[in-house]
Every structure is written in C-alpha cells, then in structure tokens.
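Trainee: Feature list, courtesy of TrEMBL:
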- 39-61: transmembrane segment (TRANSMEM)
- 82-103: transmembrane segment (TRANSMEM)
- 139-165: transmembrane segment (TRANSMEM)
- 198-216: transmembrane segment (TRANSMEM)
- 223-254: transmembrane segment (TRANSMEM)
- 227-379: domain 'O-antigen ligase-related' (DOMAIN)
- 266-284: transmembrane segment (TRANSMEM)
- 324-342: transmembrane segment (TRANSMEM)
- 362-383: transmembrane segment (TRANSMEM)
- 403-426: transmembrane segment (TRANSMEM)
Amino acid sequence: MITIWLVVLGITFVLCMKRTIYGCCMLVYARILIPDIVRLTPLADISLNTGIIGVIGVFLFRDLLFQKVTLNGLVNDKYIRNILFFAILLLLSILLGTCLNFSNQIGYLKQYFITDLFPAIAVVASIRNNEDARLLLKSVLIAVLINTVYGIFTVIIGANPYLFFLNLYYASDLSKLIDDSLSSRSGIIGTSSTFRHANFWGTFLPLAFVLVFYYYRLTKKKLFLWATIFTSICIFMCTKRTAMVAFFLTLLAYFWYANPKVKKNIIIYSFIGLLGVLLLVYFIPQMESAKNLIESSLFFWDDSLRDKHDVGGSSMSMRIDQTLYPWVMISDNILFGHGFGFTAENFNTFGLHPVMANFETILAQAVCNGGFLGIFTWIYFFVFNFNYSKNSVPAHLRQFPKLLNLCALAIAVANGLDVVLFYFLFNILMKKSYLINDYK
C-alpha cells in the first residue's frame, strides 16, 4: 500500500518541479479523494496530505529563492497577512490561556497551521496568472464530480468498497469499519463517499455546492451544472442535518438576494420540485424514513421531531448547553480561555464531556480555547474571509460571497468548521474568478 502513496508523492514532486500550482492541484485531489487516515508509515509517521504539503513547501521555498515569488509580495498580500494574524491570535490564546497541556496544544496549533493555514498561503502564492487559476478550478471541479458520483454509487450498491478497504488496512478499531464507510440515520442508508466520516463530507458538500453553483452562473458550463446537481443530491445522501440546514439556509439566502425575475423562476421550479418531493415522501411508504429526516432538518429546533423519528444528532437543548456552559468552564480565565487545542486535548484525555460532548460547535471551541479573545479571533476570521472576495465577482453575482460565508458560518455554528482549508480554497477561487470569467 505504501508504494501507491509514494507514487502519488513522487508525481506531486515531479509536477512541482514544473510549477508549484500543480502541487496545489494534487493536494486538492488528495484532500477530496483520499481519506486522511492514509499515512506514509513506515517511511514517516505522517499522513499523505501532510507529505504533499511538505513537497509544496519545498518548492514554494524554491520559488522564493529564484524570485518566482518574492517574500515582499507574500507579506504584502492582504489575505496572507490576515491568515498569519489569525494564526498569531490562536498562538496568543495558548500563551495567555490556562492550558491543560501546553506542549500538546502547541502541537495542535502546529498541525493546524501545516494542514489548513499554510496550504491556503501556498495556493495564493502559486496563482500567478489565468492559467494557474483555471488549472486549480478544473482540479476542484473534477475532484467534486468524482467524489459525488462515487458517493451516489455507494448508496446505490449499499457498500463503500474504497473506504472499507482503506479502513480495513489502517483502522485499529474494526468495529468502526461499517460505521465509517456507510451510516444509517432514521432508517436511511447514508455514505461518506471518499471522506473518512460522513460528518466531514457533510461539512464539505454545502461549501462545494456554493462554489460550483457560482461558477455555473458565471460560465454556464454544463459540467458545473452537473456538479451543482450532484452536490445537492449528496447533501441528502450524507444524512447529516448540519449539511441540510446549511444547504436550506443557503438556498433561502439565494432567493432573498435574487432579482424579481429570478425569484419568479425559483418559486415556479421550487413549487414543482417541492410538490414532487411531497408526493414521494408522504404517499410512498418506502419513503417514510426520508420524510422523517427532511422534517427533522427543516424544523431542527424541534427536539420532539428528532426523538419521534429517531434521527439522532445533537438536540436543541444540548446546543443551548454548549452555548452557555463554556463560560463556566473558563471562569478562571474568561479573557483568554484555556488556549487553542484545549477542546481537542480534553476530548483525547477524558473522552466525551458530560455537557459539551466533543465540543462540536465553533462557539464552544472559540470560548473554551480562547475566551473573549477566541470570540474576537473567529469573528475576525469570518470578516476577513468575506471582505476578501466580496468585491471581486461580477455585479450580478455579488450575493455568492455572502452565500459562501453564510454557509460556512451555519456549518461552524452547528458542527464546527473541520474543513477550514476548503473554506479558504473556495473563497480564493471565488476571489480569483476575474481570472477565470472566460473559462473554457
């Protein structure tokens, strides 16, 4: 197995020798199509993703040495400065917080920087012309199509052979094999496609939907339309309420910002689609489970529906507890909390918390990890990301940066933002759309 991943790493190295953006494209394929359980052991105790990021780092350093990229240019890029300042704020929370385990929490920050923040910096530094931007967009489009088509395929056959095999090879707990490759909620078989767990796939899909829908509206290319359709289908196939709630909120916001003519079309097609769905789920007994899941997602604040339909997931009362109880946990240091990585360290040390469970919301993580500084840090995070892309899209599509950020915020509030890199990447591609508006 290690031979296959070394070949992938070798291909990344060879491609980066030509242009660093090729390495960023390989990272896109790896992050979307290869689960993060894949590691380079026994060669090195790191994931394949980290190995690819390391190769990109080497060639980005080469670009600096040969002045393909200048250090001054990197420092002067506003987005890169914002990412670095965001990282400094996270570091300050460790230095000023009351840490559970200082060395481990520094390690969490280092890993977070390597896997999520540095790749975003590398992507910004590597996009130097139209061709670079188009190449990265093509890579995202192809990876999304493969990921979603395979996800639909796994539900049709009732198995996820790719992920099952990788789990069988890498997982230490064999009892999780089926749960990780296929899941069941309210009697519906769901899937995680090429992601390790359906939670991660459910975080990725709504963000990917916004990006491919934006590029369909921009370019009118059929591949983007198919990607939009497939991501929409897969949002329901992952069976995660967070994904569905974020999706519904995004559609509602899209309707809100649409012009009157578009609103009319949305109402007509939505009515036809809704009528079709209602006929299916309410009059076909075999669709009872789908009806239960949709109802519990649309009325996510109603715990009685969740319990009645045996849907699972966090209740609204639990969400409220997770909003209030973090302030109790950091009462000894309300300004700076317990430092970045505290929630991960607490979970790894003690397991599920009796009130906070696995600290799944962004608010719980922000408060416990950083106190008031953490709240400021994450507000800053969303503001600088929104400001980055809001004025770079055509006037008739100005709502899409808002949709992307609303979608990310909804996911973060409900379940934490575990795939920050995709949020960065899609925001960058939206920003760079002025380079791709004649996409072919």
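Yeah, the Cβs are placed from backbone N, Cα and C, and that goes for glycine too.
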Trainee: Spell out yes or no: are there three or more C-beta pairs under 8 angstroms between the transmembrane segment (403-426) and the transmembrane segment (324-342), with each pair 6 or more apart in sequence?
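Mentor: Since fewer than 3 Cβ pairs under 8 Å link them, the transmembrane segment (403-426) and the transmembrane segment (324-342) do not come into contact.
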Trainee: Test of understanding: applying the rule of at least three C-beta pairs under 8 Å (pairs 6 or more apart in sequence), is the transmembrane segment (362-383) touching the transmembrane segment (82-103)?
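Mentor: Contact between the transmembrane segment (82-103) and the transmembrane segment (362-383): present.
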Trainee: With pairs restricted to those 6 or more apart in sequence, evaluate whether the transmembrane segment (223-254) and the transmembrane segment (362-383) have 3+ C-beta pairs under 8 Å.
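Mentor: As far as Cβ distances go (cut-off 8 Å, pairs 6 or more apart), the transmembrane segment (223-254) and the transmembrane segment (362-383) do not touch.
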Trainee: So what's near the transmembrane segment (198-216) in sequence-distant terms, Cβ-Cβ under 8 Å and 6+ beyond its ends?
Mentor: 32, 137, 140-141, 144, 148, 151, 183, 190-192, 224-225, 227-228, 231-232, 234-235, 238-240, 242-243, 246-247, 250, 393, 397, 400, 403-404, 407-408, 410-411, 415, 417-419, 422-423, 426, 429-430, 433, 436, 439
Trainee: Averaged over the domain 'O-antigen ligase-related' (227-379), what pLDDT does the prediction give?
Mentor: 78
